[in-house]
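Participant: Structure incoming, see below.
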Amino acid sequence: MKHHTLLHLLLASLLASIIRPCIGGDGDNLYDVCPSDAANQKMFFNGYPCKAPSDVAASDFKSSLLGSAGDTDNFYRSSVTLATAAEFPGLNTLGLSAARTDMDVDGMVLPHAHPRASEMMFVRAGMVAAGFVDSTNQVFQKRLGEGEVFVFPKGLLHFCFNAGFEPATIFSVLNSQNPGIASVSGAMFGGKGMMEKLKAVSMEDLNGVSSVELFGE
């Protein structure tokens, strides 16, 4: 009986060690650093293999991906550049990624979600309206100026648009090295028409307004 109890405890501990990283976000790093070696990946598993310690260099921890504005010459007049561990080796196993969003006047980023990460955005330039929709279809929206910060909770649909009269730039940090992007098609979420309705109330703070009341759907 005692041996069965010990075996059950060992199995429970093993199961907990497997499940914990799955439900608690990215797993903890087992090394000081682990720059990704994605180019030489031969197997597919949860994350990227590490470079050999002798190949790690200071350049693995620097990226210029977010240094320049993206191309906003498109229908939505916006651009999002995402730096994950796939493009920025030094992020591997650190549970972080970063993004840059550029929006021309009247530019917008349609509703989308990051299934594996929360996002904190910082307005570098311009005036922006940002918001999210919670699981009860309540809309929370705030107008942000230069230097202000807004948080999108993990897994919730969120959006932003230029609420000013000059180009806007946003930098974001996400708490996963691979946050994922789940986009919602225009047909499913009202597309640009929905964003125009949000723009119409961009001077107001939306503190849990029903999406049915706001969009009439």
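Backbone N, Cα and C define each Cβ position, glycine as well.
According to TrEMBL:
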- His112, His114, Glu119, His158: Mn(2+) binding site (BINDING)
- His114, Glu119: oxalate binding site (BINDING)
- Cys34-Cys50: disulfide bond (DISULFID)
- 73-197: domain 'Cupin type-1' (DOMAIN)
- 1-24: signal peptide (SIGNAL)
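What's the neighbourhood like for these features in this structure?
Facilitator: Other Cβ atoms within 10 Å of the Cβ of Cys34 (disulfide bond) number 23 in total over all chains.
Helix, strand and coil counts from DSSP across the domain 'Cupin type-1' (73-197) read 14 helix, 58 strand, 53 coil.
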Participant: Give me the Cα-Cα distance between Cys34 (disulfide bond) and Glu119 (Mn(2+) binding site), rounded to a whole Å.
Facilitator: 23
Participant: Among the binding-site residues His112, His114, His158, whose Cβ has the fewest other Cβ atoms within 10 Å?
Facilitator: His112
Participant: Can you list, in sequence order, the residues of the same chain other than His112, His114, Glu119, His158 whose CB lies within 8 Å of the CB centroid of the Mn(2+) site?
Facilitator: Ala113, Ala117, Phe132, Phe152, Leu156, Leu157, Leu174, Pro179, Ile181
